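Q: One structure coming up, written as structure tokens, with questions to follow.
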Amino acid sequence: MELGSVILTIGGSVGFFKFVNSGVAKLPTPESACRNAWKWRNISTSCVHSMITATWAVLCFFLHPQMAEDLIETHSVFSHVLVSFSIGYFIYDFFDMLRSQKLSQSWELLFHHIVVITCFGLAVVSCRYVGFAVVALLVEINSVFLHIRQILRMANMAASTLYRVNSMINLGTYVVFRINTLAWMTRWLVLNRDKVPLLAYTLGSVGMAIMTAMNIVLFCRLLRSDFLKSSTREAKKEKET
């Protein structure tokens with residue numbers, strides 16, 4: 001795609017997610033989520049992005065399998081549009097959080113979005129590393145379940161069977177599509193060091209290091225919140241009986 005088409009796609013994506021957010025606001029909201037209506041809309045919008053991009057990323061490799069053999073130069077218009085579309089979402093979400101949350105509450109995600117927008121932006125403008133960016137978007141497969149988890153908690157359904165099942169799928173996909181994918185991407189970057197310019201290599205390395213650290217911290221939080229605490233509560237109940 002030409003630069004004009006990229007800008008148009010990014011702008012259209014920003015407008016699309018603003019429309020989705022407005023649509024969510026018009027839908028019935030659980031009473032328990034009304035005290036933080038902005039967060040409910042934000043997570044729901046993020047879930048829509050994850051569902052779209054996760055499916056789209058898988059289709060990119062299914063329809064254009066040769067891209068997996070060359071993550072630097074080989075890509076399709078379909079995959080290029082995907083990365084541009086995702087940039088639009090991250091720009092939208094960046095300003096949505098900046099406008100609605102205190103900086104102390106959202107600085108980690110804001111920093112994450114800056115890194116993603118910079119790396120993806122480099123890919124779409126240079127028309128290189130698009131395949132690498134699509135691999136990164138496979139992480140969104142896990143994000144679907146991560147967002148559903150937050151939605152269920154806000155709807156006071158943390159004790160339901162649905163939440164428990166989602167928690168197990170969430171943890172499994174977290175390991176496969178988030179931790180393992182980032183580990184594979186880091187390995188690929190190291191092995192292809194001679195093919196990647198210094199600027200791109202530095203951006204990629206710093207980005208991978210930040211994402212890996214954030215993901216390990218989040219994994220520990222999820223494990224403690226959804227499994228270790230519940231196991232402790234069950235053990236206490238057994239002792240009481």
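Heads up, residue numbers simply count up from 1 along the chain you see.
Cβ atoms here come from the backbone N, Cα and C positions, even for glycine.
What TrEMBL records for 35-231 is domain 'TLC'. Per TrEMBL, the feature transmembrane segment maps to 6-25, 46-65, 77-95, 107-124, 130-148, 168-186, 198-223.
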Q: In the same chain, which residue numbers or ranges, 6 or more beyond the ends of the transmembrane segment (168-186), come under 8 angstroms Cβ to Cβ?
A: 132, 135-136, 138-139, 141-142, 145-146, 148-149, 205, 208, 211-212, 215-216, 219, 222-223, 226-227
Q: Thinking of Cβ pairs under 8 Å, which stretch from 6-25, 107-124, 198-223 has the most of them with the transmembrane segment (77-95)?
A: 6-25
Q: Sequence-remote contacts (6 or more beyond its ends) of the transmembrane segment (107-124), Cβ cut-off under 8 Å?
A: 1, 6, 80, 83-84, 86-87, 90-91, 93-94, 97-98, 130, 132-133, 136, 200, 203-204, 206-207, 210-211, 214
Q: Looking only at the domain 'TLC' (35-231), what is the mean pLDDT?
A: 90
